[in-house]
6 protein chains.
Amino acid sequence: MRPSGRKLDEMRAVSIETGFTKHAEGSALIKMGDTHVLCTATIEDRVPPFIKGSGLGWVTAEYGMLPRATNTRMRREAALGKQGGRTVEIQRLIGRALRAGVDRSALGERQITVDCDVLQADGGTRCASITGGWIALRLAVNKLMKAGDVVSDPLVDPVAAVSCGIYAGQPLLDLDYPEDSEAGVDGNFIMTGSGKLIEIQMSAEGSTYTRDQMNQLMDLAEKGVGELAAIQKSVTA
Amino acid sequence: MRPSGRKLDEMRAVSIETGFTKHAEGSALIKMGDTHVLCTATIEDRVPPFIKGSGLGWVTAEYGMLPRATNTRMRREAALGKQGGRTVEIQRLIGRALRAGVDRSALGERQITVDCDVLQADGGTRCASITGGWIALRLAVNKLMKAGDVVSDPLVDPVAAVSCGIYAGQPLLDLDYPEDSEAGVDGNFIMTGSGKLIEIQMSAEGSTYTRDQMNQLMDLAEKGVGELAAIQKSVTA
Amino acid sequence: MRPSGRKLDEMRAVSIETGFTKHAEGSALIKMGDTHVLCTATIEDRVPPFIKGSGLGWVTAEYGMLPRATNTRMRREAALGKQGGRTVEIQRLIGRALRAGVDRSALGERQITVDCDVLQADGGTRCASITGGWIALRLAVNKLMKAGDVVSDPLVDPVAAVSCGIYAGQPLLDLDYPEDSEAGVDGNFIMTGSGKLIEIQMSAEGSTYTRDQMNQLMDLAEKGVGELAAIQKSVTA
Amino acid sequence: MRPSGRKLDEMRAVSIETGFTKHAEGSALIKMGDTHVLCTATIEDRVPPFIKGSGLGWVTAEYGMLPRATNTRMRREAALGKQGGRTVEIQRLIGRALRAGVDRSALGERQITVDCDVLQADGGTRCASITGGWIALRLAVNKLMKAGDVVSDPLVDPVAAVSCGIYAGQPLLDLDYPEDSEAGVDGNFIMTGSGKLIEIQMSAEGSTYTRDQMNQLMDLAEKGVGELAAIQKSVTA
Amino acid sequence: MRPSGRKLDEMRAVSIETGFTKHAEGSALIKMGDTHVLCTATIEDRVPPFIKGSGLGWVTAEYGMLPRATNTRMRREAALGKQGGRTVEIQRLIGRALRAGVDRSALGERQITVDCDVLQADGGTRCASITGGWIALRLAVNKLMKAGDVVSDPLVDPVAAVSCGIYAGQPLLDLDYPEDSEAGVDGNFIMTGSGKLIEIQMSAEGSTYTRDQMNQLMDLAEKGVGELAAIQKSVTA
Amino acid sequence: MRPSGRKLDEMRAVSIETGFTKHAEGSALIKMGDTHVLCTATIEDRVPPFIKGSGLGWVTAEYGMLPRATNTRMRREAALGKQGGRTVEIQRLIGRALRAGVDRSALGERQITVDCDVLQADGGTRCASITGGWIALRLAVNKLMKAGDVVSDPLVDPVAAVSCGIYAGQPLLDLDYPEDSEAGVDGNFIMTGSGKLIEIQMSAEGSTYTRDQMNQLMDLAEKGVGELAAIQKSVTA
């Protein structure tokens, strides 16, 4: 039995409120159980220097946590004067993940920045950021298409992510914080709605794992991402 | 007529959701019209070095804005590597304002940090932060009193704040962003529920004003803070 | 009786040495008792991006304290790698205050930067910076007018500032450091020579005050600023 | 045919010079073809605060690149004033990877810092850093065991890493820079000498991949890590 | 003929005002012609960690320039967020120079920090800082000796510095800014009042020089430092 | 007898490996005994703003030390977020020294950046950096001349540097770390192969020296630089 009382392959309750803020071209508050992330997508008519004039667009992401999103208060990164290593790693991951699902030529020479800010954390914030970030991105692109600025849909297949891990010898889907902090092995699995792989990160803190275990987690992840992609479609239809 | 259609002495609709996040000892999402600020209060058993051993407590505040809280995206302060001048000024104001309403001896040697993070901005974020921050503080202190850690209530009188300004020659209560950006004179008025003054900041951008005008704005502010204090009491009762 | 032996409404001796440094377009060393601030004004043929092409000028300010301007040595901000919150807050105030007295259209598209560096501190450094900074600004503008670069005088009314506070229940004009550190309530009052208000900041550290007390301090401030404006005129005539 | 002329499952020539610097407790210059990384291990009698008193040791890593390790000169991170996102991500990976192969209880309450500095880069620097870093770590631990400071060997199984990717539809072992920059999918595979998995990171830049492709790369990686582990053993015997 | 009209071996007029600020244990405003530097010495009952418990004292220095000390305004280092390379180099030089004239054992375990802030610059600011800094140091040590905290005088021989250079083929003493910017070779010569050498820095920007030329400049420097040491003694007697 | 067993005027064994890295236009690993510095020269078709359009070239340098180049590990400057004062001082010296030997007009409007990274330190790293840096610069310029981009040789006379000091009353050539840390007086002497002086820095830590002693060290330095220049010529012929 897992601490949360969920079945091994059972995700937390997912709730998504689109349009949570009014200024952003796309926004969503995603709740994976007690993990709540506010995702916004901003469209700008500029691209990074290295693709200027290429006709290609760019999607990038930034990630943050409110100081008291966690059980004990963390120091505010803006006050510390720099983003920590974990933050940098996560926002690079979110950006790569979302770009994998974008036809940058169809998007055209513009940039969309997806901000993922964790209002409350209970494990799996990077996966929730990717899943919710894709929704914000989808809504922003819808606006571009409605306005006729983009003709061919650059988002052909939803991108979603879920964490899985091995806890007390059992493979679990969608770890919450108590499960995650006890899991010897865990991974983040980023896939498309149609089951293609985008990025797998699977690591063992002070331990190792086998290919068999890896395959068990991948099976769980495919189930979870399938469910998430269905939700993504329903809220952005 | 003001752009918002409100009467000269009419505040925006105020809504407060206490307990918006689960980890903080006190939390509230305050909405003043389209200005939404998430306020959390964190209790820690330590005080700044300069009062160690004094038996007195400390209350401090930090302020932030999500990058897309505003109409166009602002760069993330954590990524820029420092808090801007406006941020620093505001969080110092919030801290001073809240401390003015605290009996630091009754609080005892502990620190409460109030984080005010703007999820959506439409003018008056510093005033909303003070009003909402006091609610988070009140809830955190309630917890201390319930646990018997604090015996005598250190918060005798609520602290709230409202902005007023002169727009097209008329004194207005509770400026929203379009009003604020056109007002030649504006001020932030921080008072207690019983009408005592804590801090007045009233300035004219590229202009001047008279004592008469100042008194008109103070009259409006007294009305506004009275209404806010009533709301504060009702949601923390 | 106040610690300084001055009467309640008596300012410290004011002395101003214009032309204290040779490179700046305007400069003055202002002494308010033992508070000594070196103010310089620099004219540059450029403006901030947000007003480029508008035909309007800009006035801005920076503030600093030498490490041993105070009773105990403070760490040098350049060595610490950032300006503290108090510094940022003060220099923004000085800039706003001076701009309120400038006809930016008459100034034309150029920037004047006023640097206020405290050589010795004994309370009231921000007010001395505004009063002395206006003198440096006046001298620099005189140079522009003499050269025919500016035709219509952009500085119609002097800007000066003084602090007042309530000490042992009595309203005092122009607090020195020992008075300031004991005052429960104090304020900075920035006005023009003709008595118009530019900015009022009045706060109570860990306390509150009444509108009556506020009015008493404003009466004192009007007296003080009147005297300062007369001195400003005499040294820049 | 791959650009390098190597067979699909052929690694670059590996050369390792142990004791490359004299001060470090362990050091090695590892060359994977034209990728050259200097790895040093430093033993210190202190541990991070969060494990003080636990009896457990700690292994951490830092990573850097000389400015002209690459084809065009990159700006020096020390001069820029911060480590880039890529650097932070890589050094966290190296630390995690090495810790997975350490019995921290056997190591005892001391810290070993592994510095990996790229003198010349041609793809795969993070994998070379892990493989070479383990050698430096092994040599440092040997010194501790020889001195009797550590009794039971905390390094039971070598840790090594190799990158694999899909290039022109073919799975390749040990990508060099030209191959890496053209590969649509690539991954870093960190394993122990006995074939257990420590961390898999496999991503598609602007693309996706299948589980079949993932398994092909894992097969290649097992071959590569096996060869590297044999070399690690031979040079540290 | 030199631009200044001075003779080849003629220093600028030197004026020194001791006690220029009231808080510092020692202070002096030194004027070498139009170069004006405010020097203060601060005594603290602490030493850097590396000499704690050694019974030895420490003397260190910091250097700064007000933004408009120069002909065109330089950006404020505190606002830029770091001290420039030139600043760092100069303050390290001042500290080394002053320490060379201190018997640190006689000083006892305390630190004296000498702050040298350039109010107006016209060449030779580092030399003026050393000469003036020694005066501030002397006055602070006098205070320690008068109070009986230091018994044996730790400052046996004054430390002073002067710049010399080759301008239009001629060796010149005490370069002002116009001379310095045209000199192909220049040096800073730091000596004691009795003619012993402390530090020589002599460099050629884009050029070279001979031992003969070096000796000519050293002869001039000995003359200049002798005159400065006499002044130092007279103002601190 | 010196600790190293060398004669008073005997340099350490010098070894130079040119072409140590493949990407840089010029590179050399210089070993002065146990001091090992990797020097690379990078050619770029841009110059600093202050000489744009002048037709002149620029040579600049950066310096770094690997964290474990020294006996105890130093913190990585990139992780600390800034270059230390010593680093800044040294890289400015290297740049000045190399520029003194360059005909910037013959070089033409391009910049060469010389990076000097200390892989292992045993005293004299700045001198080794200058000597080795000149070799990297020479090789890079050779490439420009071979390609016909530069016609007239801008490097007419080699630049080399050596440290000398007074140890136990004896003048020594080429101090290693144990000698350097005990020497009361030491200096860095930068000269051209034909014996012209570029920069002399000679200082006494907590002590003084005489002109006679200075001349003894200069004699030693001339001998040392002569030998280094011969080596420089032989390896770049």
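Using the three backbone atoms N, Cα and C, a Cβ is placed for every residue, glycine included.
TrEMBL: automatically predicted annotations, no manual curation.
Some features that TrEMBL has for this protein:
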type: BINDING; residues: D:ARG86, D:GLY124, D:THR125, D:ARG126; note: phosphate binding site
type: DOMAIN; residues: D:10-140; note: domain 'Exoribonuclease phosphorolytic'
type: DOMAIN; residues: D:157-224; note: domain 'Exoribonuclease phosphorolytic'
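DSSP assigns D:GLY124 (phosphate binding site) to coil in the three-state reduction, outside any helix or strand.
Those residues of the chain, other than D:ARG86, D:GLY124, D:THR125, D:ARG126, with a C-beta within 8 angstroms of the mean position of the phosphate site C-beta atoms are D:TYR63, D:ILE90, D:VAL118, D:ALA121, D:GLY123, D:CYS127, D:ALA128, D:SER129. Counted over all residue pairs in D:ARG86, D:GLY124, D:THR125, D:ARG126, the record's binders of phosphate, the longest Cα to Cα distance measures 13 angstrom. Around the Cβ of D:ARG86 (phosphate binding site), the number of neighbouring Cβ atoms within 10 Å comes to 14.
Spatially close to D:THR125 (phosphate binding site) yet at least six residues away along the chain are D:THR35, D:VAL37, D:MET65, D:ILE90, D:VAL118, judged by Cβ distances under 8 angstroms.
Just so you know, the Cβ of D:GLY124 (phosphate binding site) picks up 26 other Cβ atoms within 10 Å once every protein chain is counted.
Neighbour density for D:ARG126 (phosphate binding site): within 10 A of its CB lie 23 other CB atoms from the protein chains shown. Helix, strand and coil residue tallies for the domain 'Exoribonuclease phosphorolytic' (D:10-140), in that order: 43 helix, 40 strand, 48 coil [DSSP].
Remark: secondary structure over the domain 'Exoribonuclease phosphorolytic' (D:157-224) totals 20 helix, 30 strand, 18 coil, with classes taken from DSSP. Averaged over the domain 'Exoribonuclease phosphorolytic' (D:157-224), the predicted model reaches a pLDDT of 94.
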